[in-house]
Amino acid sequence: MATLLRSKLTNVATSVSNKSQAKVSGMFARMGFQAATDEEAVGFAHCDDLDFEHRQGLQMDILKSEGEPCGDEGAEPPVEGDIHYQRGGAPLPPSGSKDQAVGAGGEFGGHDKPKITAWEAGWNVTNAIQGMFVLGLPYAILHGGYLGLFLIIFAAVVCCYTGKILIACLYEENEDGEVVRVRDSYVAIANACCAPRFPTLGGRVVNVAQIIELVMTCILYVVVSGNLMYNSFPGLPVSQKSWSIIATAVLLPCAFLKNLKAVSKFSLLCTLAHFVINILVIAYCLSRARDWAWEKVKFYIDVKKFPISIGIIVFSYTSQIFLPSLEGNMQQPSEFHCMMNWTHIAACVLKGLFALVAYLTWADETKEVITDNLPGSIRAVVNIFLVAKALLSYPLPFFAAVEVLEKSLFQEGSRAFFPACYGGDGRLKSWGLTLRCALVVFTLLMAIYVPHFALLMGLTGSLTGAGLCFLLPSLFHLRLLWRKLLWHQVFFDVAIFVIGGICSVSGFVHSLEGLIEAYRTNAED
């Protein structure tokens, strides 16, 4: 009797569990995620067995074909993606594809390139998140107060986490349970998430976001160059727009760049100069420590302008674009997490101290670019170094934007929208050079008509920065690794996606309002 009762209770519990699991699976399936049930697990195992046999057959065919002098001339070539296997549904690029060499030979290419150490990788990340845009952080504290300081810490934690989960999306387990790298770029991750229905949609979305962010970065360099020169020499009869035109004339040779060998020689010098400038600004602020206005640091926020501060802070931490290539070039990829921890901890401490000390020194008089608050004699010297750094930093995002445009629109073979920019001899065609010059001129026009450093940085950070750093990594992590995630990882990803979405929309709207208001003010003047 007891056995019969126990069996009935077991059957009831099993049926209830199966129903609840079916409901949860159905709900997540409608959302685009797949919850693995026992029957699905058997199906996946069966598919893996069939796939293993299929690839064994392919290997035998390859061995046979290697033993033959030549194949059938009338035979059709294999369809791209049939030989290469990828669990995400998107085929890997063929052995001769240019996608293999994007950025830095990942898992699928560039094995002959020298690998970098964790220290060198950390230096690259530091260059990305400790650049010139730190100069706008005191302006974020002006409108955010102590909450702005908290956001500098919070953004560092979240960006570090999303960088790690983005790299986790590059890896999957093979049949032997080994974790292997099956993707090599942000675009490949996005395509895998949208496969098989829309195998290229995700990559196009990421490419558009990358182009917007890179071009906006170029615009910001032109804006800050004109702003700094105008405030360094206010006595000269030269307007900020004229200084921007002069800066663009200096940058026009960037259109002729084929590689970054010439520019990379100056990267270390630029970074060292930037650290020296930060030290000079902090030293001046410390010399006025007696006059610090602690009472000006607010516990409340400016509701209209604080979302702009969020975009500024987020934009100063953006590095996710090149993390897949960077991790693929490391000698010890296992050290990537440790490298991310220390670089973001250092960035958080330095940014927080710089923003707080600078704001305490000038309080409500803090300007969009903090060096504009310095005395005339010091300001001219510091700003000249900053302009030099901005001009030498411009080619990096410009060249990256050109590469993304060329590979997405001009170098995809039969799928290209336009003919290739390069001739058969590797030389740049005249119309390709014209397009590059047009991109330089476009950055100038944007800098002339929207010469507001902080507002532009807030707009970019809210639009593409939040998308590439918060929204897409968390969404991709849920989509690709749903079956392996623990409940707290799912909670973190969903929370980051929701908070990032709210901050992105709010910051974008308020940044646009700020730009419209500033444009109207300039028109009235």
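Positions of Cβ are set from backbone N, Cα and C atoms, glycine also.
As recorded in Swiss-Prot, the features of this protein are as follows:
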MOD_RES   TYR186  3'-nitrotyrosine
TOPO_DOM  1-132  topological domain 'Cytoplasmic'
TOPO_DOM  154-204  topological domain 'Lumenal, vesicle'
TOPO_DOM  226-265  topological domain 'Cytoplasmic'
TOPO_DOM  287-305  topological domain 'Lumenal, vesicle'
TOPO_DOM  327-341  topological domain 'Cytoplasmic'
TOPO_DOM  363-383  topological domain 'Lumenal, vesicle'
TOPO_DOM  405-438  topological domain 'Cytoplasmic'
TOPO_DOM  483-489  topological domain 'Cytoplasmic'
TOPO_DOM  511-525  topological domain 'Lumenal, vesicle'
TRANSMEM  133-153  transmembrane segment
TRANSMEM  205-225  transmembrane segment
TRANSMEM  266-286  transmembrane segment
TRANSMEM  306-326  transmembrane segment
TRANSMEM  342-362  transmembrane segment
TRANSMEM  384-404  transmembrane segment
TRANSMEM  439-459  transmembrane segment
TRANSMEM  462-482  transmembrane segment
TRANSMEM  490-510  transmembrane segment
Tally the residues of the topological domain 'Cytoplasmic' (483-489) by DSSP class, grouping H, G and I as helix, E and B as strand, and everything else as coil. 5 helix, 0 strand, 2 coil
Do the transmembrane segment (462-482) and the transmembrane segment (384-404) come together with 3 or more C-beta pairs under 8 Å, pairs six or more apart in sequence? no
Take the C-beta pairs under 8 A between the transmembrane segment (133-153) and each of 266-286, 306-326, 439-459. Which stretch has the highest count? 306-326
State the residues, same chain only, that lie 6 or more residues beyond the ends of the topological domain 'Cytoplasmic' (226-265) and have a CB under 8 A from a CB inside it; answer 'none' if no residue qualifies. 368-369, 371-372, 379-380, 383-384, 386-387, 390-392, 394-396, 398-399, 402, 428, 433, 436-437, 439-441, 443-444, 447-448, 451, 453
Answer key: the stretch among 306-326, 342-362, 490-510 with most Cβ pairs under 8 A to the transmembrane segment (439-459) is 306-326
So are the transmembrane segment (266-286) and the transmembrane segment (490-510) touching or not, going by 3+ C-beta pairs under 8 A with a sequence gap of 6 or more? no
Take the topological domain 'Lumenal, vesicle' (363-383) and find every residue of the same chain, 6 or more past its ends, with a Cβ under 8 Å from one of its Cβ atoms. 135-139, 141-142, 224, 227-229, 231-233, 277, 280-281, 284, 293, 296, 452-455
What DSSP reports for the topological domain 'Lumenal, vesicle' (287-305) is 7 helix, 0 strand, 12 coil
If I count Cβ-Cβ pairs under 8 A between the transmembrane segment (205-225) and each of 306-326, 384-404, 490-510, which range comes out on top? 384-404
